[in-house]
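What Swiss-Prot lists as active site, proton acceptor is 177, 295, and the listing cites sequence analysis. Annotation comment: Swiss-Prot describes 125, 175, 179, 296, 328, 380 as substrate binding site. Taken from Swiss-Prot, the feature Mg(2+) binding site covers 203, 205, 206. For 203, the entry in Swiss-Prot reads N6-carboxylysine. Per Swiss-Prot, the feature site 'Transition state stabilizer' maps to 335.
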């Protein structure tokens with residue numbers, strides 16, 4: 001694109017009237033971002049007839065200091081410093097009419113340690129700007145100076161494993177089904193059977209809070225009774241994610257405190273409670289030595305569409321800053337949205353100390369995490385024991401594998417479903433540790449384990465090779481190609 005700055009300088013810059021954004025200082029192709037700049041990558045789709053550079057400069061302006069006309073009060077500020085600067089515009093491969101806009105923001109534009117303030121600028125009014133057909137925030141580079149103003153995950157992967165005394169394998173969980181309608185007593189029964197059968201965790205679903213069929217306090221009491229009985233029966237540390245999501249912060253704190261009094265080691269919140277509430281609960285969780293699970297309920301309303309919204313990789317970065325310990329991050333092989341390479345990028349953001357740029361995973365920037373704790377990704381939605389070798393290969397061992405229907409839908413009952421998943425996992429971990437090619441030998445390994453485990457045999461028979469093979473709506477724009485040797 002045009003690599004010449006056309007910024008109007010001097011007194012002409014502040015003459016009353018309307019001026020193109022690219023002439024107001026929001027397009028600076030010669031700008032070299034500072035180490036302390038926040039950098040955002042937007043996918044910009046201008047309306048027909050709108051100059052792409054002007055559209056991208058407008059995004060920079062409207063997400064920082066600009067308004068629709070020149071204002072003389074700009075002269076009362078360090079305007080040159082505080083203007084966001086679009087310094088690079090390039091076409092999106094394979095998407096005619098869309099452009100990547102790289103925009104740098106001075107660190108002083110953002111309140112330290114506040115996701116709400118960051119998002120008010122980056123995804124605020126600019127997303128409704130008329131000259132744009134669509135706008136999507138694809139990725140961000142968050143400088144170390146900014147990262148260090150955040151708490152980060154309240155517990156982190158290492159300490160969570162130490163508390164659970166479980167190492168060297170994925171953790172296993174299940175969401176209680178049906179998610180709505182059970183009484184407290186029957187809900188607790190599901191929790192007990194699943195934990196006794198071999199799972200590490202059970203979990204509330206996103207929309208179970210406090211309804212006429214089951215008050216939250218009743219659910220907490222029955223669930224923790226089940227956890228304690230399962231721990232006594234198995235000799236293992238168990239947990240259940242008690243959803244404390246509620247109408248007000250006061251209600252959420254009350255529920256979290258009650259969970260703590262009952263001896264729970266983990267609570268749960270939903271993404272829909274908002275960024276400030278998430279950070280508040282993360283702060284409470286660290287203070288009270290509680291693992292904090294985040295269900296990403298609602299994210300697909302703005303992460304799933306390729307042209308407009310916010311990429312989940314950005315949400316994952318924000319949530320690592322905010323301080324949650326678990327986040328649902330996709331399964332690749334399950335029923336929910338998840339391109340393999342894109343999902344790997346999400347998992348890397350959660351679990352690495354440093355994320356190098358990997359365009360094939362949709363990661364556009366190097367990202368240093370400045371010693372923030374690692375975030376445990378959670379895989380859930382349409383997975384079952386027959387996919388264990390694929391899940392271990394694709395997602396690694398620092399992950400919670402949530403088999404909801406794949407546990408509770410077992411023909412022999414909940415405990416049998418849990419046992420099937422645990423035996424499948426243990427068989428695959430043993431094969432991996434022995435150096436076997438468990439990815440290609442996976443079906444054979446599972447079949448052999450099933451010879452001495454009736455629940456696993458039945459699980460493999462009923463679900464066989466069930467998969468949800470639909471084309472992903474959000475896949476990387478850059479695909480690695482093999483270069484022939486000279």
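Cβ atoms are placed via backbone N, Cα and C, with glycine included.
Note that the structure is predicted; figures quoted are calculated from it, not measured.
What Swiss-Prot annotates, mapped onto the structure for a quick look.
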residue	record	Cβ contacts under 8 Å, 6 or more apart
125	substrate binding site	62
175	substrate binding site	202, 203, 204, 205, 380, 402, 404
177	active site, proton acceptor	190, 205, 404, 405, 408, 409
179	substrate binding site	205, 206, 207, 208
295	active site, proton acceptor	205, 206, 243, 268, 269, 270, 271, 328
What whole-number distance in angstrom separates the two most remote CA atoms of the substrate-binding residues 125, 175, 179, 296, 328, 380? 37
Counting across all protein chains, other CB atoms within 10 angstroms of the CB of residue 380 (substrate binding site) number 25
At a 10 A cut-off on CB-CB distances, which of the binding-site residues 203, 296 has the highest count? 203
Using a 10 Å radius around its CB, how many other CB atoms surround residue 205 (Mg(2+) binding site)? 19
Here the 10 Å Cβ neighbour count for residue 328 (substrate binding site) comes out at 23
Other residues, Cβ within 8 Å of 203, 205, 206 Cβ centroid (Mg(2+) site): 175, 176, 179, 204, 207, 208, 241, 243, 268, 295, 297
